[in-house]
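Notes for the one structure printed next.
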Amino acid sequence: MAVSDGVVKKVILSYTYVAIWIFLSFTVIVYNKYILDKKMYNWSYPISLTMIHMAFCSSLAYLLVRVFKLVEPVSMSRDLYLKSMLKALMPVAVYSIGVLLKKEGFKNETMANMISISLGVAVAAYGEAKFDTWGVTLQLMAVAFEATRLVLIQILLNSKGISLNPITSLYYIAPCCLVFLSVPWLIVEYPSLRDNSSFHLDFAIFGTNSLCAFALNLAVFLLVGKTSALTMNVAGVVKDWLLIAFSWSVIKDTVTPVNLIGYGLAFLGVAYYNHSKLQALKASETQKKALQNDEEAGRLLEQRDGEGTGRKIDSQN
């Protein structure tokens, strides 16, 4: 089956969105590593760092929407917001949650593909040279919460009744994140920051870091809105490969053979997922063309019938 121009355009756009997200995500992760690592900048306050990101995103989104009016705000009542969310709320992680929230159709083949990717990542985690149970537990919790977050973002960007763009999404979501983060921050990090009088905020470091985080958040909303939460998570495996290569070559972290085998399995799963997506795009494009041809044939038949009726009336007269 030949690939049409429409399919090629969609594939190129999708890969462009994915490439932008991978680049920005990679940049933010490495930058955060630099700030939080004890051997580097040595500022071990992850909640505070995330709050700085959310405060920056909230402020910049507010300026763009309310002050400079570069983006039109979305009129959204509480009833509409709740109704739209609950209506849609009826990997394995992202795919499972996507199916539950009716953002992905359940297919045994896709589920098997997601399990193969997850299995590969699990093997890579098992082969971790510095395995930490608490760290893995936190990561698994992060996977569940991130999966839910991404599917909800997909609902906000695509569902009927609400149509948010990346800027307005940040305008509504970032302040909420900031408020929720303040609770663990007050308990966990505020006492230490209060007692640490030697700390001075480096505006160059934290400003550029926050700007990268803002760009990443925009890329997340753009990617999920134009593709899907599932596509973004599958693309995350490619980003992890880049992080592994960077950690091994630059930071000199240990990479074991089991790590490589695990991510090799995950990479094969990603390749198959991309192949499946391309086949689905081709099938969709073929179906569209068939429908267009049927409609055109129907119009020609109606036109011919009309002309025949006209001739019959003329001959009778």
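Each Cβ is built from the backbone N, Cα and C atoms, and glycine gets one as well.
Keep in mind that TrEMBL annotations are predicted by a computer and have not been checked by a curator.
What TrEMBL says about this protein:
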- 85-274: domain 'Sugar phosphate transporter' (DOMAIN)
- 292-317: region 'Disordered' (REGION)
- 12-31: transmembrane segment (TRANSMEM)
- 43-65: transmembrane segment (TRANSMEM)
- 85-101: transmembrane segment (TRANSMEM)
- 133-157: transmembrane segment (TRANSMEM)
- 169-188: transmembrane segment (TRANSMEM)
- 203-223: transmembrane segment (TRANSMEM)
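Contact between the transmembrane segment (12-31) and the transmembrane segment (203-223) holds: at least three of their C-beta pairs are under 8 Å, each pair 6 or more apart in sequence.
Averaged across the domain 'Sugar phosphate transporter' (85-274), pLDDT in this predicted model comes to 72. Under 8 Å from some Cβ of the transmembrane segment (43-65) lie the Cβ atoms of residues 32, 35-36, 71-73, 167-168, 170-171, 174-175, 177-178, 181-182, 184-185, 188-189, 192-193, 199, 206, 209-211, 213-214, 217, all in the same chain and six or more residues away from its ends.
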